[in-house]
Structure formats: structure tokens, C-alpha cells
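S.K.: The structure's right below; bear with me while I get my questions together.
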Amino acid sequence: MILDNLFKNLIYDPVSALGILVFYILLVNLPISLGAVFKKKSFFIVKLLTILVNLLITLQLLFRWSISGHFPVSNLYESLYFLAWGISMGQLYIEREYSSPIIPSIAIPIELLTVAFACFVLPDDLKLSSNLVPALRSSWLVMHVSVVMLSYAALIIGSLLSASVLFINRNKPLQIRSSSTGIGGFKFFNNNYLNDLADPVEFSHSEELDTLSYRSILIGFVLLTLGLISGAVWANEAWGTWWSWDPKETWAFITWLFYAAYLHMRISKGWQGRRPALLATSGFLVVIVCYLGVNFLGIGLHSYGWIFG
């Protein structure tokens, strides 16, 4: 019955139908991904389903783009699916570098929650595409919003990877060798390994995850920086001001400062182990408030719509 309705809706409303189909695939993939942590044979199935999810979201966004005539990040519904697309793409990319079932086990639940929020929590009127106001009919829409959303995806993945490091080492001391570059990281590496340069160094599972977390956050920070700069340029063109302290702008700046502090502590101060992992993990809440918190306020130029309105 569900499949029949989905296939019928694919003809009349392909965007919504594909969105719901993505939800059901993620719902199936969730227990498989969690089980793959203990039974690695199912890891391949998890990866195939993630690829399918990413392709279906790509198709959904292309349909919305074709129907609306503008890049599909103009409302909360579209941006949620774009975020899910970014997280799934990041998950697949990281799995190419380091094949671990831990990665999908933390990424897929967030993808599922994101899609479920878009499908079943948002009011129907916020799911509809609408004409853009003149200020948003700009090529900056693609540059600014897409880069910021991808930065959120990278920062979320990095924060969750740090959370996984803390969980794996919850009942034992967390010793992480340096995975950062810079003065502090060099000093730490130099003090511990200068006498062992002739020997190959094998990093533990936690150290690999910590390295992936650091790199993901670094990429997210760079993207967020580009997003803030492009947003300022766009705002100046559209409204004649570079910065207006809009709630979203303010929280984006707070998010930027938060992760700048994290990177400073790792690169310059040589922080390793539990402290940076705790800081990165708490960054997840900062990103969520930045992305969704403004929508609960229902104010500001960046509000996608008050979900209770």
C-alpha cells in the first residue's frame, strides 16, 4: 500500500514522494548501520543504501530546481534535504579514506532525523516552493547558502566523530597522539616520536576517528568562513550593508568563533585527547542552534519560516 502510494505520487508530486522514499530507506538502513558495528559483513549493504539515498536526494533536489526555477535552498524544507545530502556525501567521502562502521552509525541517525523533520514536522505550507523576493534572485544564493549548508554538514560530522571517540573511550583514559598541524601539534609529535622515526607508527581506531573529526571540522570552518564572506558581499549588494546583526548572522559568527577557538587550541596549543573532543562534541549544539534556532524565533532576514506559525 505504501509503495503503491509512493509510485503514484512520483508522477504527481515527485519531490515529496522522493523525500518520503528517502525516509523509508534511511529507516531500513539505521538498524543495519548500527548492527554493522558488531557485524562488519553488513557494512557493504549500508554503503549501497547510503549511495542510493544520496542519489535519490540529488534527484529530488533537481526536480525541485526544475519546478521552482531556482536553486533548491530557499526554504527550510529544501535546506533540510540539502543538509541531509551534504551529510551523506561527507559520510561516503570519509568512508573512502577510512572504512569504519562507526562512521555510518553516527551519520545515518542524523540523516534520518533531518529527513523525518522535513517530512513529518514541517507544516505543509513550508514544504511548498514559492517565488523568490527580488533580493534573493541572485547567483549569490547558490554560492552563499550552499557553502554554508555544506559547512554545517562538515561541522556536524566532525562533532559526531568526536562524540564517538568519547563514547569508545568512556571507561578508560583517552590518549590521542597528534593529528593536528601547527606549533602545538608539532611540539607534541616531536616530544613523543622523535626517537622512534625509524619505526612505523600505527594509529589506534580512536586516533583515526579523532583525525577525521579534526579534518572534517577544519573543512567545515573554511567553508563557513567562505559562507560568511559571500553572505556579507551579497548583503551589501542587496541591502547596502555588510552586516546587520540579524539573529542568524549573529549565531553564524558565534559558531565561527567557537570552531576558531577549537582549531586554535589544537593547532597552537597542542590540545589532544578528551578536552578537544568534548569541545568539538558540544559544537554540535552550537550548529543546531545556528541552523534551526532562528526558525523558532521566527524573526530576521534569514528565518525560513516559524515552524509553529
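Backbone N, Cα and C define each Cβ position, glycine as well.
Straight out of Swiss-Prot:
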- 18-38: transmembrane segment (TRANSMEM)
- 43-63: transmembrane segment (TRANSMEM)
- 67-87: transmembrane segment (TRANSMEM)
- 102-122: transmembrane segment (TRANSMEM)
- 148-168: transmembrane segment (TRANSMEM)
- 216-236: transmembrane segment (TRANSMEM)
- 250-267: transmembrane segment (TRANSMEM)
- 279-299: transmembrane segment (TRANSMEM)
S.K.: Which one of these stretches, 67-87, 102-122, 148-168, has the most C-beta pairs shorter than 8 Å to the transmembrane segment (18-38)?
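M.R.: Maximum Cβ contact count belongs to 102-122.
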S.K.: With CB pairs under 8 Å as the measure, which of the listed stretches 43-63, 67-87, 148-168 comes out on top against the transmembrane segment (216-236)?
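M.R.: The stretch I would name here is 148-168.
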